[in-house]
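These notes concern the structure reproduced below.
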Amino acid sequence: MKKILSVLQAPAVRAGFMLLAVIAAIWAIVANREAVGEALAALPWWVSLAGIALSLLYVACTMVSWRYLLNDVGQPVPARVARRIFYTSQVAKYLPGGVWNFVAAAEMGAAHSIARRRSFVALLLSMVVSIVTGLVLAVLALLLGPAGLMEDYGWLALAIPVGVVALIPPVLNRIISLGLKILGRGALEAQLSWRGTGLAALWAAAGWLLMGAQLWLMLIYQGMAASLPTFLLATGGYALGWTVGFLVFFVPAGVGVRELALAAVLSTAVGSGPVVVVVLLSRVFTTLADVSLGLLAGIAARRAARR
């Protein structure tokens with residue numbers, strides 16, 4: 001195991017790993033270049049720029065949410081170090097397998113004397129917080145969407161109480177302790193607090209609102225009315241589609257599931273065609289945000305290592 005870890009920590013291996021992740025992310029865009037080009041042509045240029053900016057802010061919100069959790073279970077990590085670890089590791093999620101962002105976060109954290117189990121738990125918790133806050137916002141879609149929506153996705157409302165209870169620090173700390181014990185790992189440096197968990201949830205919710213704003217803005221230029229109800233519907237619809245796509249684990253990356261859920265939510269506000277367009281662009285913009293922030297963080301990390 002020590003030999004494997006030493007190989008993973010080698011600068012050449014890290015650089016190659018980052019390069020592969022960036023190539024995988026870019027390929028995800030290039031593979032759909034014709035559809036992306038057509039989608040971009042359907043929107044004013046400034047709307048696309050605004051969409052990219054909102055994706056950058058969204059990724060930043062997820063980083064802050066993760067950092068609150070990371071700092072809550074151990075010694076505080078400086079903001080610049082947290083940014084380098086998170087943004088660089090997030091690019092790895094575009095590699096096949098779905099675990100490489102966890103590996104990258106653990107190894108980069110270890111280079112800054114952060115226990116691997118702490119990095120792993122913090123990243124896993126940030127995903128759980130994102131899912132639960134997404135479920136809560138998805139209620140907006142169930143309440144404001146078409147009448148038949150509750151029949152198809154009402155089961156999500158049943159998951160909300162379970163998720164909220166699981167996020168209560170005393171409950172969550174016991175779950176974490178039990179999980180680490182089963183895996184034969186030591187306990188974390190500290191336990192989650194109400195403040196840390198609450199702030200992480202608030203920043204995760206802010207991220208959902210930003211993505212809802214992105215979707216809403218693009219849909220306005222696809223024929224949807226510009227109003228507060230449609231903004232709430234778009235935000236709730238995005239959260240619903242994302243959480244359904246994540247929870248329906250037997251569909252790779254939620255492909256198709258998110259689009260179907262979002263189209264069902266917005267069926268009374270806009271056609272299914274525009275929904276497909278904006279969902280595609282939203283994914284592209286988020287990928288661009290992940291890659292650009294990851295590259296900048298990687299460059300900053302290499303410069304810091306040379307000092």
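Think of each number as a place in line: the chain as shown, counted from 1.
Note that Cβ sites are derived from N, Cα and C of the backbone, with glycine treated the same way.
As annotated by TrEMBL, transmembrane segment applies to 12-30, 42-61, 120-143, 155-176, 197-219, 231-253, 260-281.
Sequence-distant neighbours of the transmembrane segment (197-219) (same chain, 6+ residues past either end, Cβ-Cβ under 8 Å): 43, 47, 50-51, 54-55, 57-58, 61-62, 64-66, 68-69, 72, 125-126, 129-130, 132-134, 136-137, 167, 169, 172, 226, 230-232, 234-239, 266, 269-270, 274-275, 277-279, 281-282, 285. Sequence-distant neighbours of the transmembrane segment (120-143) (same chain, 6+ residues past either end, Cβ-Cβ under 8 Å): 62, 65-66, 69-70, 73, 89, 101-102, 105-106, 149-150, 153-154, 156-157, 159-160, 163-164, 166-167, 172, 176, 180, 188, 192, 197, 200-201, 204-205, 207-209, 212, 232-233, 235-237, 239-240, 242-243, 246-247, 265. Listed as Cβ neighbours of the transmembrane segment (260-281) (distance under 8 Å, sequence separation of 6 or more from its ends, same chain) are residues 32, 35-36, 38-40, 42-43, 48, 51, 141, 145-146, 148-149, 152-153, 215, 218-219, 222-225, 230, 233-234, 236-238, 240-241, 244-245.
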